[in-house]
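As written in Swiss-Prot, here are the features:
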- Cys2: S-palmitoyl cysteine (LIPID)
- Ser82: phosphoserine (MOD_RES)
- Ser122: active site, charge relay system (ACT_SITE)
- Asp176: active site, charge relay system (ACT_SITE)
- His210: active site, charge relay system (ACT_SITE)
Amino acid sequence: MCGNTMSVPLLTDAATVSGAERETAAVIFLHGLGDTGHSWADALSTIRLPHVKYICPHAPRIPVTLNMKMVMPSWFDLMGLSPDAPEDEAGIKKAAENIKALIEHEMKNGIPANRIVLGGFSQGGALSLYTALTCPHPLAGIVALSCWLPLHRAFPQAANGSAKDLAILQCHGELDPMVPVRFGALTAEKLRSVVTPARVQFKTYPGVMHSSCPQEMAAVKEFLEKLLPPV
């Protein structure tokens, strides 16, 4: 990893997948509640593009209200998983700032904002949506898997002006018992009020629960190939 990572705590021990060629683009992917970046680094290595660097940071360990205050990797506190559940606004905003610092570190190392995709699964996907929509830098797009938009009532007003050009791939399992697919559909509807509607893809997968599947990973690869072509 080139550059000073000490000022970006999430980078110091992040799981990374290096490109086989000169890296001209980056995907920052955020794991779900209770997980680490390693599992998604492994998954993304199966669809890697040779000129893309994949960065999968680990969330800090904090008490999570939803899980009886058990301490576990979590980007912010979770009180519930429904559109009207109370939210940890301060924690969400702080986590987003930490991800923006990671984005800016990559930019300083020569990867322009429009060659950076932010993505994530479940809570990580939620944070990637919030961060990208409020980011002052015009990113290439978002990969949002099995997730929702945090603080959704603040949008579209809370979005940065450059957010309207973001490309978004949103995927959801139709049998998801944790984050119901209906919540995903409401999120897609809200996203179309924030970005150019035609730039939001919402794909659902029959028989899939709160997890990924090969068809979804193929869709992610196709999305990244179009958004981050070789230069």
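Cβ coordinates are placed from backbone N, Cα and C, and glycine is handled just like the others.
Worth saying up front: this structure is predicted, and the values here are computed from it rather than measured.
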Within a 10 Å radius around the Cβ, which one of these recorded positions has the most neighbouring Cβ atoms: Ser82, Ser122?
Ser122
Candidate nearest Asp176 (active site, charge relay system) in space, where candidates are the recorded positions Ser82, Ser122, His210 and distance is Cα-Cα
His210
Please report how many Å separate the Cα atom of Ser122 (active site, charge relay system) from that of His210 (active site, charge relay system), as a whole number.
8
Among all the protein chains here, how many other CB atoms are within 10 A of the CB of His210 (active site, charge relay system)?
18
Would you mind reading off the Cα separation of Ser82 (phosphoserine) from His210 (active site, charge relay system), to the nearest angstrom?
15
